[in-house]
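**Student:** The structure's right below; bear with me while I get my questions together.
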Amino acid sequence: MGNCCGPGMSPEEREKEQRSRDIQKQAERDYYKGQEEIKLLLLGAGESGKSTVFKQMKILYGAGFSADDKANFRTKIHQNVLTGIQALCTAVMDLGLTGETDDDALELMDEILNISEGQVDLSEDKDIGNKLSSLWRDPAIQAAWDRRSEFHIIESHAAYFEKMDVICAPNYEPSKDDILASRVRTTGVIQEEYMIWGSKFVIIDVGGQTSERRKWVHHFDACQAILFVAALSEYDQYLFEDNTKNRMVDALELFEKICNEKLFKETHMILFLNKRDLFEQKIQHTAISSVPFFEDYAAEGRPENDKDAGMEYFKDKFMEQNKTKAPFRKDVFAHVTCATDTNNVEHIFNACKAIILKDTLSASGFMA
Ligand SMILES: Nc1nc2c(ncn2[C@@H]2O[C@H](COP(=O)(O)OP(=O)(O)OP(=O)(O)O)[C@@H](O)[C@H]2O)c(=O)[nH]1
Ligand SMILES: [Mg+2]
């Protein structure tokens, strides 16, 4: 847009121009308010962080978590802790790590493996916190943790394992961070409505595991933007539902399908390269080029263990999946995110405001 209030204008012209701009701004504000609804669809593979972004929307734009929500999350967190430690105990056996510890610890692992999912009120047994903490510090369990890319475990749950005494205490009430770290696989579709930037938003969360993906198509129409979430940190991990499929390769293939999908020709594509915090930790000890599929990382002389070079490499890989061509060339707006960090999500979401609203504005004639 040119400078409309240029030096050659008379004071009257300048005033008229200013008035016209004010009217346009007000109309834009009214337009946002009158907007029927803006649909945002969260897509991405299982465990990429979609529901975590969805929870952040509730924190940022909704009522937050009620006492009932917290009680539910408490049960989920207990399940997460138990499942996580049980996965580590099983890995000690499967990976032949029993020699790293003593008989007492092995007996304790047996005891923990025998707790069934129904018995998950960990706060009922006052010793359980100590038992789980001592197992977490056990050398065989730590050796299994170091090899966690070889079995399924939620990496961010190390934060729970570090504070087992708090989580297993009788009056434990999960904090906001504990709730954001919890993991419940989404099945089906969940949606919530919020007023954001003066407009009604409908945010839709779906399950990302392969069996869930066929349900997505029912929500493909009439969404203004897609937030595609991909976990940067999962370059050395395999799918929960198929332990032969590398998670990053799966995410790239999925993004290729979504980005080039004809139904999304007019839909804005926002890419969240998520789990930045876990990626930054992992890249210090797991070279990207050491993972089959990503050997080309080293080919162009990129520095190993360099988080910025690593992020750029994966970002380029996602961008290469965009095969759309002019005049329908799609812009993909990529952001590196940490979905468990409320400030980060708020900041990035605000940065997406213009993109999300641009379509509706241009349809109304406010933007070229
Ligand atoms: N450390 C860390 N953990 C994250 C981040 N984003 C998500 N997580 C955790 O990763 C796990 C999986 O996240 P979800 O939001 O449940 O993943 P999802 O994409 O909804 O998975 P499905 O429902 O199976 O499709 C949860 O335990 C989250 O707390 C992140 O940026 N950093
Ligand atoms: Mg989910």
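Keep in mind that glycine also has a Cβ here, set from the backbone N, Cα and C atoms.
Below, the features straight out of TrEMBL:
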- 1-26: region 'Disordered' (REGION)
- 11-26: compositional bias 'Basic and acidic residues' (COMPBIAS)
- 47-52, 180-186, 205-209, 274-277, Ala339: GTP binding site (BINDING)
- Ser51, Thr186: Mg(2+) binding site (BINDING)
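Mind running through what each feature is packed against?
**Tutor:** In the three-state DSSP scheme, Glu47 (GTP binding site) is classed as coil.
In sequence order, Lys50, Ser51, Asp205, Val206, Gly207, Gly208, Glu212 constitute the residues six or more apart from Thr186 (GTP binding site) in its chain with CB-CB distances below 8 Å.
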**Student:** Listed binding-site residues are Glu47, Ser51, Leu180, Arg183, Asn274; which sit with C-beta under 6 angstroms of ligand 2?
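**Tutor:** Going through Glu47, Ser51, Leu180, Arg183, Asn274 in sequence order, those close to ligand 2 turn out to be Ser51.
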**Student:** I'd like the Cβ neighbour count for Ser51 (Mg(2+) binding site), meaning other Cβ atoms within 10 Å of its Cβ, all protein chains included.
**Tutor:** 23
**Student:** Under DSSP, is Asn274 (GTP binding site) helix, strand or coil?
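**Tutor:** Strand, per DSSP.
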